[in-house]
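Heads up: the structure comes next, in structure tokens.
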Amino acid sequence: MIINKPSRVRPDGRGKVTGELKYMTDLSFPGMLYGKVLRSAYPHAEIVSVCTIKAEKMEGVQAVVTHKDVPGLNRFGIVIPDQPVLCEDRVRYVGDAIAAVAAETEEIAEAALELIQVEYKELEVMDSPEKALRPNAQRLHEDGNILHRAFFSNGDVEEGFQASDTVFEETYELPRQMHTYMETEGGVAVPEDDGGFTMYAGTQHGYKDRFQLARIFDIPEEKIRIVSSPMGGSFGGKDELNIQPYAALLALKSGRPVKIHQTRKESVRSGIKRHPMKITIKTGADHSGNLLAHDVKIVADTGAYATLGPAVLDFSVEHAAGPYRIPNIRTEGISVFTNNGVAGEFRGFGGNQITFALETHLDRLSGMLGIDPLELRRKNIRKPHDLGPLEHRIAPTDGAAQVLNAISKSPILKKTSRNCGYLQRGTGAAITMHGGGLGFGRMDAAGGRLSLSSEGKITASFGFEECGQGILAAIEQIVMEELGCAAEDISIVIGDTAKVPKSGSSTASRGTSMVWHAIQRLKKPFLAQLKKRAAEWSGCSAENLIPGAAGLRDKNTKALVVTYKELAEKGPLAEETAFDFPTTPDPVVGGHFLYSFGAAAVEVEVDLLTGDVKLIDCEHAIAAGPVVSPQGYRGQIEGGAAMALGYTLMEEAKMTDGRYAAENLDHYLIPGIKDVPDMKLIAIEDLMKGDVYGPRGVGEIGTIAITPAIVKAVHDAVGCWINKLPISREELLEAIDRKGLKQWT
């Protein structure tokens, strides 16, 4: 069905469009200093010495810190704390921090960095997984250059290939991508009288930041307050610590608030990126199109440090067969340390890379078999009660068939290839599935609180962050629908560890789903408290009262009996819940329990003179349960598609010898409004009978299927297959030339 639920203005909408909303990097405090971080001059080197005397003596400089100033663990990392806060004896990439300065102005702090003398001894740069995996390669970490291995096997792959009539093998290469959020990493650390501090900085998990910072500063977590919302975009890039340790070190040393706001160049050098991957797939099928064997090898460049590299690889391995049943499968993944930029959490979380390779591979295999690409998928699509992709138990779902059937009817796919001289058009489609939550048996706690404030507002408190994804709108909509109150009756508190319960991370397409689950648990006891108090106040029977706009109303007449403000005068009232994200009963096997499904159909235009590829038309079909916030749902899918468009056609954070080729957006192009056409969206809200898990997340699913769909459409237009992203104009022109379609001399 098409979304027909009315849209609402987001709670933060007015503040954003008027510019009145204050982001963390907009904040200032009395006596505030400005901080800068000295990053490594080399991608790989020993640190012989560091001298900060000249910087310390510079007028206007109030604090300089090195690793000697870190009171606790001089390491950070969400899962594996392997990245130095401030390097002691070695740097492993150009984003490594060596020292930090706080001064009266940003210009003075910048100048002071130039006065810090660092003597290096350069080391060989491991700038590719191939180089880092050589037998004699220098070890980047004590345990070697392999961060993580992941493996899954089912059936007998070799027997499957022997039984196949057609076997096809190909290698696909995926690029490093920048998050390019509008607000680069930044914030303010404010020292407190008890020896702790308040950190105002964008993050996707305030409580996790608090845990890491407490470990670094060797102080109780309760002495650290994290205020993390709102922020101007994240997409996974602010899930890990960035400027927080440096601002806090400088604030505690100087005794004054310290603000650090990275320039785009600083963000590029130090920030997390999407994992580059090289994926080799070998697939066998019989003459009817039944997939019999599937062998996948994944090599991921995780850069200098771990962050969430292991989880990204696990996710790719889990989704290596996508929404298809293949009896014989073997998937091997390896994540390799290099001296390149750190790769980690990024919208799609490894699903983008493996889905491009898989879906493109199936399109090519269908051509060899002489079978329609969508028919090949239909023959092998997962059934509602099949086990999950790792042969684990999951919530029964027919989402894969739903999106396949919906996108098969797209008017886009009814168009035929068109030759308009030097402009040729083609169409393509692809489907995908995406696990929600952390998965793999990992701790995935959630929670929330409903309370009645002294002002008479129903206050919904969650430990989530507003990254621009619309969690505020989702909370408001769910509370309105489940409690029957009006938007004016609601107050929302998020992004402040001093005020909210633990809800887990604002990642993994889990936020909206967890809010829905929390309110399901909270509404009955919370309403019971409201009704009991209202009955005592009014003399009415609690059974005859229902919540509504402004207060409790008579169930029959709908007349207002008592306002929320009047109920609040009797004292505080609250209910809190804590629970876990739904997980598979097979945590040893791993994988996710809830999945969203998506499909995309596209039309592209290829310029035979320039090699340009333009997206002309696009339609999405998404199966992710009930729609909570229509404009938020659509925004996630369309915004995700725009991000995927950049990944497919233009974005690559190239590195040579461990250095970025582009350190600003004047040389790293992302899609503009003219690159993105109007998009159609089919939201499939139906869940299987007995499904009690409500809405699934859609924050990532829109970024995935569009890439292989575009690649298929390019082939439909000019007959050339693309194995490497982003699509290179030069390589496409060479392929066009080989096809005899050359339009120039």
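Glycine is no exception: its Cβ is also placed from the backbone N, Cα and C atoms.
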Next item on the list: Determine which of A498, A508, A518 appears in Swiss-Prot for the same Mo-molybdopterin site as Q204, F235.
Entry: A508
Checklist line | Residues within 8 Å of the Q204, F235, A508 Cβ centre (excluding the Mo-molybdopterin site residues themselves) | finding: S234, G236, D239, E345, R347, C467, S505, S506, T507, G699
Checklist line | C-beta crowding around F235 (Mo-molybdopterin binding site), within 10 angstroms | finding: 28
Next item on the list: Count the Cβ atoms, other than its own, that fall within 10 Å of the Cβ of A508 (Mo-molybdopterin binding site), considering every protein chain shown.
Entry: 29
Next item on the list: Compile a sequence-ordered list of residues in the same chain as Q204 (Mo-molybdopterin binding site), six or more apart from it, whose Cβ lies below 8 A from its Cβ; state 'none' when nothing qualifies.
Entry: S228, S234, G236, K238, D239, E465, C467, S505, S506, T507
